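Straight from TrEMBL, the features:
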type	residues	note
BINDING	ARG75	pyridoxal 5'-phosphate binding site
BINDING	ARG97, SER98, GLN105, ARG313	substrate binding site
BINDING	ARG271, ARG398, LYS463	tRNA binding site
MOD_RES	LYS284	N6-(pyridoxal phosphate)lysine
Amino acid sequence: MNGENFTLSEKLVSPSYVRQASQARRSHELLIRQLLEQGKCPEEGWSESTIELFLNELAVMDSNNFLGNCGVGEREGRVASSLVARRHYRLIHGIGRSGDIAAVQPKAAGSSLLNKLTNSVVLDILKLSGVRSVASCFVVPMATGMSLTLCFLTLRHRRPQARFIIWPRIDQKSCFKAMITAGFEPVVVENVLEGDELRTDLEAVERKIEELGAENILCVHSTTSCFAPRVPDRLEELATVCAKYNIPHIVNNAYGVQSSKCMHLIQQGARVGRIDAFVQSLDKNFMVPVGGAIIAGFDESFIQEISKMYPGRASASPSLDVLITLLTLGASGYKKLLSERKEIYSYLAQELKSLASAHGEKLLHTPHNPISLAMSLDGLQAESDKAVTQLGSMLFTRQVSGARVIPLGKEQTISGHTFRGFMSHSEAYPCPYLNAASAVGITREDVTQCIRRLDKCLKTLRKECNAARSSSPLPQSCQEDSTGE
């Protein structure tokens, strides 16, 4: 209620009670005012009542919620199900207009304000997470792969004769398909093995640029967050090469916001060379439902150019989800999650190393990967080829999700390109291995349960395979074939 209504309420209820209620209301409004004034993530998280009050205030600013509104157009924010309306807090119009996803809608002042505030709060979080010189960003209602495609399509208008995208190999289908979907030809650059780590072959990248001609290359498409033993690309060096040859540089930072190391690489790359845009997932970094990403960069005009490339209006759901989440956590809450993730990474590494040693394996030495770890499966491979792939299936059926078992020699063809040694980021990685990751939101209990079940699975497999070594066929547990993806 406004001040006048509070005054009128004093005729019906004790004025002292009404004044107390008015002060309580003002405490909510003060938080909302600070958000509107500063456009930054609040340091301390909001209560659900403050967030719901704020969202309801935004919703009544949209025309579909006007009392007495008479809509005679084809898009009036009509919703048949009240359950659907409540799920979206009656913010029905989405974001953007037909020509620009960032534009303000005349019918939807509240939804437009939501969009602007979300982009501003997310920009603040990107700076807080380590990319302090980022100039602009926007939330797009597409996951990382399609968001990368949008970046490539925008670059097409700047470099119309370019056909190729130089891509240091990362065995993840969506980032490869993003280039194909945009109509470009990926030039796969194999990684080099340094110790246990797979790292960017900088000399091969530069050779490809000189061979193909810089004017024929749309961009270099690099990666930060990845599965060990692949480690983040050498972003500073790649950014320097891109600046040298005047080639755009797009970074796939899918789940890198949660890693200070990944964000530092982006910041340093932009400082010493060229990074045009970096793309990150909402669900992986902020624990919201799948369906959104953040496209960010250091040149505000280029980021605006990308946002204008998006055709039509867009769903507000990803923006709403991430805004609610960040208002709930506050900057301090999000920093706490990042700190806890880093601590549990060390715990996971310690536990995997102990388990590996107990089974005659080793924790692969991948110090440049701050999120993912890998444990060799050489001993299991020696027992049986089938036992390696069966391990993934056993873990999955025992409710260990996310662990990836990588066998030797797997081939996969994607859009006509055959990857040998697929999932290992290399044509011939020296050993099979198992991946595990410490991502934001993980708990010590997750690690404890995973290690316990992994230990039991390895013991079971070895026991069964040893018993069957002199007989054929192998036991059922050594015959099945699954990587447990």
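Here, residue 1 is simply the first one shown, and the rest follow in order.
Just so you know, glycine gets a Cβ as well, placed from its N, Cα and C.
Curation plays no part in TrEMBL annotations; they are all automatic predictions.
The shown structure was predicted, so the numbers you read here are calculated from the model rather than taken from an experiment.
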Distance check, please: Cα of GLN105 (substrate binding site) against Cα of LYS284 (N6-(pyridoxal phosphate)lysine), rounded to an integer number of angstrom. 30
Expressed to the nearest Å, what is the distance separating ARG75 (pyridoxal 5'-phosphate binding site) and SER98 (substrate binding site) at their Cα atoms? 12
Cα-Cα distance linking the residue listed as 'N6-(pyridoxal phosphate)lysine' and ARG97 (substrate binding site), given in Å to the nearest integer: 28
Fewest neighbouring Cβ atoms within 10 Å: which of the binding-site residues ARG75, ARG313? ARG75
Taking just the CA atoms, what is the gap between ARG398 (tRNA binding site) and LYS284 (N6-(pyridoxal phosphate)lysine) in Å? 23
Where the record says ARG97, SER98, GLN105, ARG313 bind substrate, what is the longest distance in Å from one Cα to another among those residues? 10
Using Cα coordinates, what distance in whole Å links ARG313 (substrate binding site) and LYS284 (N6-(pyridoxal phosphate)lysine)? 24
Which one of these recorded positions has the most other Cβ atoms within 10 Å of its own Cβ: ARG97, LYS284, LYS463? LYS284
Check the binding-site residues SER98, GLN105 for other C-beta atoms within 10 angstroms of each C-beta and report the one with the most. GLN105
Write down the Cα-Cα distance for the residue listed as 'N6-(pyridoxal phosphate)lysine' and SER98 (substrate binding site), rounded and given in Å. 29
Could you name the residues, excluding ARG97, SER98, GLN105, ARG313, of the same chain that surround the substrate site, i.e. Cβ within 8 Å of the Cβ centre of those residues, in sequence order? GLY94, ILE95, GLY96, GLY99, ASP100, ALA103, GLY312
Euclidean distance between Cα atoms of ARG271 (tRNA binding site) and LYS284 (N6-(pyridoxal phosphate)lysine), Å: 26
Far apart in sequence but close in space: which same-chain residues, 6 or more away, have a Cβ under 8 Å from ARG271 (tRNA binding site)? SER133
